[in-house]
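Student: I am attaching a structure below and will ask some questions about it afterwards.
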Amino acid sequence: MKIIFPILSNPVFRRTVKLLLCLLWIGYSQGTTHVLRFGGIFEYVESGPMGAEELAFRFAVNTINRNRTLLPNTTLTYDTQKINLYDSFEASKKACDQLSLGVAAIFGPSHSSSANAVQSICNALGVPHIQTRWKHQVSDNKDSFYVSLYPDFSSLSRAILDLVQFFKWKTVTVVYDDSTGLIRLQELIKAPSRYNLRLKIRQLPADTKDAKPLLKEMKRGKEFHVIFDCSHEMAAGILKQALAMGMMTEYYHYIFTTLDLFALDVEPYRYSGVNMTGFRILNTENTQVSSIIEKWSMERLQAPPKPDSGLLDGFMTTDAALMYDAVHVVSVAVQQFPQMTVSSLQCNRHKPWRFGTRFMSLIKEAHWEGLTGRITFNKTNGLRTDFDLDVISLKEEGLEKIGTWDPASGLNMTESQKGKPANITDSLSNRSLIVTTILEEPYVLFKKSDKPLYGNDRFEGYCIDLLRELSTILGFTYEIRLVEDGKYGAQDDANGQWNGMVRELIDHKADLAVAPLAITYVREKVIDFSKPFMTLGISILYRKPNGTNPGVFSFLNPLSPDIWMYILLAYLGVSCVLFVIARFSPYEWYNPHPCNPDSDVVENNFTLLNSFWFGVGALMQQGSELMPKALSTRIVGGIWWFFTLIIISSYTANLAAFLTVERMESPIDSADDLAKQTKIEYGAVEDGATMTFFKKSKISTYDKMWAFMSSRRQSVLVKSNEEGIQRVLTSDYAFLMESTTIEFVTQRNCNLTQIGGLIDSKGYGVGTPMGSPYRDKITIAILQLQEEGKLHMMKEKWWRGNGCPEEESKEASALGVQNIGGIFIVLAAGLVLSVFVAVGEFLYKSKKNAQLEKRSFCSAMVEELRMSLKCQRRLKHKPQAPVIVKTEEVINMHTFNDRRLPGKETMA
C-alpha cells in the first residue's frame with residue numbers, strides 16, 4: 001500500500017527544505033578547517049640549540065594560525081627535520097620522508113650542497129622549494145619549482161660598488177670566506193677595468209676562525225679600505241681580532257656584505273673611530289615590523305641559550321626574518337588556492353603533484369609587505385626583485401641609517417638630510433691623538449724651566465700654541481712625540497720608502513704632524529694636508545757682508561768707470577768740434593787792432609788749446625775768458641754747459657753717500673749668483689722639502705744647484721737648521737731654507753741676512769694619514785683661527801725679537817783722509833805736473849832768447865833765471881837790429897791764428 005504525504009508534494013515545503021539544507025551545509029563548511037602541512041629542513045651543529053631559521057619557521061606558522069586573518073579556514077602544521085651541515089644525502093632522505101607525509105612546500109635547507117639535492121627532488125615531483133639564503137643560479141636554470149627571498153647578489157654587488165664610488169676609494173681589498181664569494185662579488189671584481197680601481201683579493205682561512213695572520217698582513221700592507229664577504233659569526237670574530245691588533249681606528253673603513261651587521265654587538269667599537277658600513281634589509285622603522293620583532297625577541301629569549309656568536313640577545317637575524325616572510329608569502333598563495341589538497345608523493349615513482357604547477361605560479365605571483373620590505377619574484381628564475389636596502393654606519397650612538405639603495409634608483413645617502421646641525425667636533429671630541437713633531441725654533445722647542453717637566457709641558461713654540469688652539473676648538477686631547485729619526489720626510493729614490501714624520505703618518509704611528517712641514521706634491525700623494533697655516537718660500541741665508549770704508553779715490557765712485565770714460569770722450573769730442581766750427585764760422589774771426597779798422601788781419605780765439613780750455617772750464621763749473629761769438633759755436637757751448645750741469649749735479653748728489661756710508665758689498669745677490677760660482681758652498685736640510693724642491697726642479701738654475709749639492713752631498717747637506725745656521729756663521733757657506741725661519745734667525749743674529757727674494761712659494765700645513773677624517777675638521781679650525789687673527793698674533797709672539805740695533809746715521813759725520821785723501825793726491829799731482837811744465841816752458845823760452853840774442857844757451861838761461869828771481873819788473877828782451885823785409889812779404893805773412901781780410905789791396 002502506498003502512503004502519500006501531501007505536504008511533501010507542496011512546492012513551498014520543498015523550497016524551505018532546500019534552503020535549510022543549504023544553510024546547514026554552509027554552517028558545516030564554515031565550522032570545518034582545512035589542514036595544510038609545510039615541511040622544513042634545517043642544518044644544525046651537533047649538540048647545538050635550535051637555529052634561528054627553524055625558530056622563525058615555527059614562529060611564523062604559529063602567528064598565522066593565531067591571527068586567522070590570512071588563512072581563516074586553513075590550519076597550518078609543519079614537519080621539521082634536522083640534518084648535518086653539508087650532508088646532501090641526508091637532506092635528500094629527509095625531503096623524501098616529508099613528501100611521503102604530504103607537504104605543500106619545503107623550506108630549506110640553507111647550504112648549497114644540501115639545497116641543491118632537495119631542489120632536484122622538488123623539481124622532479126612538482127613541489128615548491130623555498131630558499132632564504134643566497135644560492136648560485138646558472139644562466140640556463142631549469143628549476144621552475146624554486147623561489148629565493150634572499151636579494152640577488154648581482155644587485156648586492158652593485159650596491160657595494162656604488163658605496164665604493166661614493167666613498168671615492170682608489171684601492172680596495174676584498175676578503176671572502178669561500179669560493180662563492182667571488183661569484184657574489186663579480187660586479188665589484190669587474191670594476192677595476194671600468195672605474196680605475198686597484199683591487200686586492202684575499203681569502204679567509206678555511207680551517208680556522210683565526211684571522212690574525214691575514215689581518216697582520218693587511219696592516220703591514222696598509223690596506224685601509226676592506227670589504228668582508230663572510231657570515232655574521234665570522235664578522236663578529238674579525239672585529240674582535242681587529243680590535244686586538246689596533247685596526248679599529250678612524251683610518252680603517254670596513255664594508256660587510258652580511259645583512260646581519262645591525263644585529264652584531266658593536267658596543268666595544270662605538271668610540272674607536274673605525275668606519276664600519278653595511279646593509280640592512282629588515283625594515284625596522286615600520287611600526288608593525290617592530291611589533292613582530294618584539295614578539296619574536298620575547299620568544300627568542302625563552303629559547304635555550306645560544307653559543308657566543310657576537311649577536312645581540314633577542315635580535316631577529318636576516319635569515320630568520322626572511323624565513324618568517326617566506327612562510328607568509330606561501331600562505332598568500334594558499335589563500336588564493338583554497339581547493340588545493342596535498343597528497344603523499346614517493347621519490348621513487350616520479351609522479352608529480354597535480355596542484356604543484358598552479359601553486360608554484362601563485363607563489364611567484366604573490367606580493368607581500370613583510371619584515372624585509374616588498375617581496376616580489378622574477379617569474380622566470382624565482383629570484384627576488386625590487387627590494388630596498390638600508391645603508392647603515394657605525395656612529396658613537398651605535399649603528400645608524402645613513403642612506404638607502406634599491407635596484408632602480410641606486411644609492412641615496414640621506415645622512416645630511418636628518419636636519420641635524422653640522423658640528424665639526426663630532427669626530428674629534430673627546431679623542432686622544434698622537435701628534436708627531438720635530439724640534440725647530442721657533443715652531444717647537446724645549447721649554448726652559450728650573451723644574452723638571454714631563455709630557456706635553458716640555459715643549460713650547462708656535463706649533464705648540466697652534467696645537468693648543470686646535471684642541472680647544474675641536475675638543476680633542478693629544479700627546480706630543482718627537483719624530484724618531486729627526487727628519488721631516490723624504491722619499492728614497494732607491495726603494496721608494498719614506499722617512500721622518502711622513503713615514504710615521506703613513507704607518508699610522510701618529511694621527512697628526514704639527515710642525516713646519518711643507519705641503520709638496522710628492523708628500524700629498526702619500527698623506528693628507530690641511531689648508532696651510534703659514535705661507536712662505538725658499539730663500540738664502542748668508543753672513544752679513546763686512547762694511548768697507550771708502551778708499552782714497554772713492555770720490556770717483558759716484559760714477560762708474562764707463563761713465564768717466566764717456567765723459568772724457570765727450571770732452572775731447574766737444575773740444576774738437578768747437579775748434580773746427582770756430583775755424584769755419586766767419587763770425588768767430590775778429591780784428592785784433594780795433595783802432596785800425598783798415599787792418600786786413602783777423603784772429604780767432606778758439607785755437608785748439610783754447611777749445612780744450614773752454615771745455616775744462618765749463619766742466620769744472622768755473623768758466624773761462626773765452627766766449628763764443630757765432631751762433632754755431634754758442635750752440636755747441638750751450639749744449640756742453642747743459643751736459644756738464646747734469647753730470648756735475650748727479651755726481652755731487654751721489655758723492656756724499658759714497659764718502660760717508662760704509663758700502664755693504666756681498667759676493668752673492670741671488671740664486672743665480674750662487675749657481676754661477678763654486679767658491680761659496682751652499683746646501684739645505686737633508687731629506688727636507690727644500691732639498692726635494694731642488695731635486696725635482698726642472699729649471700736650469702735650480703737643476704744646476706742640485707747637481708752641485710748632490711755632488712758634495714756629505715759636505716753641504718746638513719741634518720737640521722741649527723747645523724746649517726752655525727755653518728753659515730763659521731764658514732763661507734750659504735744655507736737654503738724657508739723664509740719664515742730666516743726672518744726669525746735674522747731678528748736674533750745681526751751677523752746674518754737674507755739674500756735675494758723668494759725662490760718658490762709654498763705653505764706649512766697639518767699632516768694627517770691618507771684618508772683621515774680629521775683633515776677637514778682641522779682645516780675648518782685653521783680657517784677659523786685665521787679669520788680671528790690668532791695665527792697672526794701667534795706669529796708676532798714668536799717672531800718678534802729684540803732686533804738688531806739700527807746703524808747710526810752718518811749724515812753729519814766728519815770726513816777723514818780715508819774719505820777724501822784722493823783729492824789731495826790729485827791736487828799734489830797737478831802741482832807737480834805744473835812745476836814740470838813750468839820748467840819746460842822756462843827751458844824753451846831760454847833757448848828762444850839765446851837764439852834771438854845770439855848768445856849761448858847757458859848764459860841766456862842764467863839771465864832768465866836771474867830775472868825770474870827778482871821780485872821787480874823785468875825788461876822785455878830786445879832783439880838785434882831788425883831785418884828789412886819787403887812790404888809784400890810782410891803782408892803775406894800771418895800766424896796760424898790770424899788771416900788777411902779778403903778784398904784788401906797789396907801794400908806798396
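Just so it is clear, glycine is given a Cβ too, placed from its N, Cα and C backbone atoms.
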Student: Which residue among Ser393, Ser670, Ser868 does Swiss-Prot mark as phosphoserine?
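Tutor: Record says Ser868.
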Student: Please pick, from Glu469, Glu479, Glu723, Glu738, the residue that Swiss-Prot records in the L-glutamate site together with Pro516, Ala518, Arg523, Ala689, Thr690.
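Tutor: Matched candidate out of Glu469, Glu479, Glu723, Glu738, per Swiss-Prot for L-glutamate with Pro516, Ala518, Arg523, Ala689, Thr690: Glu738.
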Student: Check for me whether Swiss-Prot puts Trp589 and Val766 on a single side of the membrane.
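Tutor: According to Swiss-Prot, Val766 sits on the opposite side from Trp589.
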Student: Could you pull the disulfide partner of Cys347 out of Cys96, Cys122, Cys576, Cys595, going by Swiss-Prot?
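Tutor: Here Swiss-Prot pairs Cys347 with Cys96 via a disulfide bond.
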Student: Any residues 6+ beyond the ends of the transmembrane segment (636-656) with a Cβ under 8 Å from its own?
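Tutor: Distant contacts of the transmembrane segment (636-656): 555, 558-559, 567, 570, 574, 577-578, 581, 614-615, 618-619, 621, 628.
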Student: Do any residues at least six apart in sequence from Ser846 (phosphoserine), in the same chain, have a Cβ closer than 8 Å to its Cβ, and if so which, in order?
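Tutor: Set apart from Ser846 (phosphoserine) by at least 6 residues yet with Cβ under 8 Å, we have Phe857, Ala860, Met861, Glu864.
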Student: List, in sequence order, the same-chain residues at least six positions removed whose CB sits under 8 Å from that of Pro516 (L-glutamate binding site)?
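Tutor: In sequence order, Ile438, Glu440, Tyr443, Cys463, Tyr488, Met534, Glu738, Thr740, Thr741, Tyr764 meet the Cβ cut-off.
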Student: Using C-alpha atoms, which one of the binding-site residues Ala518, Ala689, Thr690 comes nearest to Cys750 (disulfide bond)?
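Tutor: Sorting the binding-site residues by distance from Cys750 (disulfide bond), the top entry is Thr690.
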Student: Are there residues of the same chain, six or more positions away from Arg523 (L-glutamate binding site), whose CB falls under 8 angstroms from its CB, and which are they?
Tutor: Gly489, Val502, Leu517, Phe529, Ala689, Gly767
Student: Among Pro516, Ala518, Arg523, Ala689, Thr690, Glu738, which the record lists as binding L-glutamate, how far apart in Å are the two most distant Cα atoms?
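Tutor: This binding site's residues have a maximal Cα-Cα distance of 17 Å.
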Student: Whole-number answer please: how many Å between the C-alpha atoms of Cys96 (disulfide bond) and Ala518 (L-glutamate binding site)?
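Tutor: Cα to Cα, Cys96 (disulfide bond) and Ala518 (L-glutamate binding site) are separated by 74 Å.
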Student: Quick check: with Pro516, Ala518, Arg523, Ala689, Thr690, Glu738 left out, which same-chain residues have Cβ atoms within 8 Å of the centroid of the L-glutamate site Cβ atoms?
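Tutor: Counting only non-site residues, the set is Tyr488, Leu517, Thr520, Gly688, Thr692, Lys762, Tyr764.
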Student: Using DSSP, how many residues in the topological domain 'Cytoplasmic' (583-635) fall into helix, strand and coil?
Tutor: 22 helix, 6 strand, 25 coil
Student: For Cys347 (disulfide bond) and Ala518 (L-glutamate binding site), determine the Cα separation and express it in whole Å.
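Tutor: It is 77 Å, counting Cα to Cα.
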Student: State the count of C-beta atoms found within 10 angstroms of the C-beta of Ala518 (L-glutamate binding site), not counting that atom itself.
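Tutor: By my count, 25.
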